[in-house]
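Student: Okay, handing you the structure first.
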Amino acid sequence: MRVVLLGPPGAGKGTQALKIAKEFDIPHISTGDIFRQNLRDNTELGKLAKEYMDKGLLVPDEVTNRIVEDRLEKEDCKKGFLLDGYPRNIPQAEELDKFLEERGHSLTAVINIQVEREALIDRITGRRVCPVCGATYHIKTSPPKVDNVCDKCGSELIQRSDDKLESVVKRLEVYEKETKPLIDYYTKKGILVNIDGNKSIDEVFEDIKKALLGDRRNDIH
Ligand code: ADP
Ligand code: ADP
Ligand code: ZN
């Protein structure tokens, strides 16, 4: 199963991706997580990505495409994959199609998680993440058991520097202009599935599971 998770920042892509990857036993590939890991490891890629991420802008396509393609070449992606946060504009989507086509593959489904703008801002500004294991929380809807401490590894939670209100507004703008056209792009290919992301985390997951199980039955390998 080769799946893309689409949706505005804060829609719940990362949250759902962990559950989908576990349920269907496929690797979860998040370009945002890859950039943040590089930032923590202080690599050249991390330094370059930071310049764009802090401004709420997209990291250049040549860099992003190469990273995704290197990752998709790995052995564990033979059984499928779940892309979270990629593609984010039409050129990236075209590159992904070309890459898969050259290998005789195509996407199984694109899950588009829809959430209203007001809720997005609440979700992003209330998001807290674990800088060590990457777990995601929300101060109101998914708080950790102990205030500001990661349930999974005990580290102190932080707010992503691009989750402050100033960057959020810019990221939503970039989403509208660059990422939203992908809805049309994948609708035309007949593989887009819209999911109401305003429901609870578990309800959204049930809806996604149903959509993917339906798709898997029709999956011709
Ligand atoms: P994305 O990866 O799309 O940016 P996340 O999965 O990180 O989004 O979710 C953004 C924030 O919203 C997180 O703090 C997360 O805990 C919270 N969240 C995710 N899904 C829901 C939901 N269905 N209802 C309420 N809060 C949610
Ligand atoms: P969100 O929670 O907003 O969906 P992500 O973790 O997916 O955030 O992305 C954080 C930042 O990483 C983006 O604002 C952008 O700077 C960079 N980034 C992530 N994925 C891509 C991509 N596919 N192309 C370019 N930049 C990306
Ligand atoms: Zn942790």
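Just so it is clear, glycine is given a Cβ too, placed from its N, Cα and C backbone atoms.
I grabbed these lines from TrEMBL:
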- GLY10, ALA11, GLY12, LYS13, GLY14, THR15, ARG127, THR136, TYR137, LYS199: ATP binding site (BINDING)
- 30-59: region 'NMP' (REGION)
- THR31, ARG36, LEU57, LEU58, VAL59, GLY85, TYR86, PRO87, ARG88, GLN92, ARG160, ARG171: AMP binding site (BINDING)
- 126-163: region 'LID' (REGION)
- CYS130, CYS133, CYS150, CYS153: Zn(2+) binding site (BINDING)
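For the listed features, I'd like the structural context: burial, neighbours, distances.
Tutor: DSSP classifies GLY10 (ATP binding site) as coil under the three-state reduction.
Sequence-distant contacts of the region 'NMP' (30-59), counting only residues of its own chain at least 6 positions beyond either end whose CB sits under 8 Å from a CB of the stretch, comprise 13-14, 17, 67-68, 71, 83-86, 88-89, 131, 134, 160-162, 167-171, 173-174, 178.
There are 15 other Cβ atoms within 10 Å of the Cβ belonging to LEU57 (AMP binding site).
Outside the region 'LID' (126-163), and at least 6 residues removed from its termini, the chain residues within Cβ reach (under 8 Å) are 10, 14-15, 33, 36, 40, 53-54, 56, 171, 201.
Classification of CYS150 (Zn(2+) binding site) by DSSP places it in coil, neither helical nor stranded.
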Student: Measuring Cβ to any atom of ligand 2 with a strict under-6 Å cutoff, which of the binding-site residues ARG127, TYR137, CYS150, CYS153 qualify?
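Tutor: What lies within reach of ligand 2, judged by Cβ under 6 Å, is none of the binding-site residues.
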Student: Quick one: DSSP breakdown of the region 'NMP' (30-59) into helix, strand and coil?
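Tutor: In the region 'NMP' (30-59), the DSSP-based counts are 20 helix, 1 strand, 9 coil.
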Student: Please tell me which one of the binding-site residues listed here (THR31, ARG88, CYS133, CYS150, ARG160) sits closest to GLY14 (ATP binding site), measuring Cα to Cα?
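Tutor: Nearest by Cα distance to GLY14 (ATP binding site): THR31.
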Student: By a simple count of other Cβ atoms within 10 Å, which of GLY10, GLY12, GLY14, the binding-site residues in the record, is least packed?
Tutor: GLY14
Student: Around ligand 3, within a Cβ distance of under 6 Å, which of the binding-site residues GLY12, LEU57, VAL59, ARG88, TYR137, ARG160 show up?
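Tutor: None, by Cβ distance under 6 Å.
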